[in-house]
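Below is one structure, written out as structure tokens; the observations come after it.
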Amino acid sequence: MATIIVALSLTTSFRRKLATVLPKVYKWSWKVILATGGNEKLHPVLVLFLINLVSVSLKVVSMTGTNATSVFVDMLNDVGDIVGLGLLLLGLSYERKKRSIYYPFGGRRAVYIFTLLSIMIFSGLIFTVAIFKVVAVISEAMLINVKTYSLYTFSLAFLINAIGFAVVYWFMISGRKDPTLSGSIIDSASDVSGSAVALTTLITRNPMLDALGSLVISGVILISAITLGYRYFQVLIGRAPPKEVLKKVIDKILEFKEIRDVNVFNATMVTEDEFMLILEVEVDKDMEVEDAEKLSTRIEEEIRKLEPRFKHIVIEFVGERAGPKTYREILKQFDSSEQ
């Protein structure tokens, strides 16, 4: 199957299909921009999506003037990014779904689900196609032919990829907290590194460098997919926030003189910037309901001061019990467990 796809990708008909499809994708992207205008969270992903559209268009043009495998593999990398970013845009638009009885946390996890779908469906396929192509080139040991316009268009695509990386990096250092940016920065870094390898091949016209560069780009595609996939999988299965955060929170809870013990301390990530905490704490059996409500409010305020990402905090109060203190066992779990 992969061999057939590689063969088709080098034919004129395949390029004609791309020329037909790309304008439609451009139109769709602008519709998304207009439909989501003013949604600040979508902006970085939309910018990167459009940058990748321009980049892949230039790389397709560059492919018509060279037989360098690294250019083909790098173009596949951009195609995979476009698909992934497109699904991410769909996830972000679904994220705007309001909270309801059926969706208590809204649609925020849609981002992770759509990204995982992209990784599962496309990254493995693109990696397989790239490896088949590299093996075919190594066995043939062909010379690298490069036309002038191919080098120029690919150089422009490389520059555009670098601009995309700079844009996403700027959004990150500007203090914007958005889980999509962490995945976007990995995609952008892989684009820049892959394009740099392919551009070096075009300049040197070295067949060995072309083969090795293609393998490197294929490896970058696979590593990026595994890294993002593992990260998002951890969120979807409800992994706890970092251990350092949890230790600070339980230490803060134990500072309250009214708290005798902590029986239940369950924390989970709804998303990478939205945590949930469920507590069962022991207090004096004679504590009034009004005092318990005030204590609950104080605990929530202190936890959110310590870590604002705890958006959901549930506290249950029970009377003090005899026996060993449970919180010591919880602290031991923090010390013995690995993140």
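Any Cβ shown, glycine's included, is placed from N, Cα and C.
It should be emphasised that the depicted structure is a prediction, and the values quoted were computed from it without experimental measurement.
Summarising the annotation, TrEMBL assigns domain 'Cation efflux protein transmembrane' to 45-236.
As annotated by TrEMBL, domain 'Cation efflux protein cytoplasmic' applies to 241-315.
What TrEMBL lists as transmembrane segment is 112-137 (among others).
Taken from TrEMBL, the feature transmembrane segment applies to 149-172 (among others).
Here the transmembrane segment (211-233) has Cβ contacts under 8 Å with residues 69-70, 72-74, 76-77, 80, 112, 115-116, 119-120, 123-124, 126-127, 130-131, 133-134, 137-138, 182-183, 186-187, 190, 193-194, 197-198, 200-201 of the same chain, all six or more residues outside its ends. What TrEMBL records for 211-233 (among others) is transmembrane segment.
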Quiz item: Do you know the mean pLDDT across the domain 'Cation efflux protein cytoplasmic' (241-315)?
Solution: 91
Quiz item: Mind checking how the domain 'Cation efflux protein cytoplasmic' (241-315) divides into helix, strand and coil residues in DSSP?
Solution: 30 helix, 27 strand, 18 coil
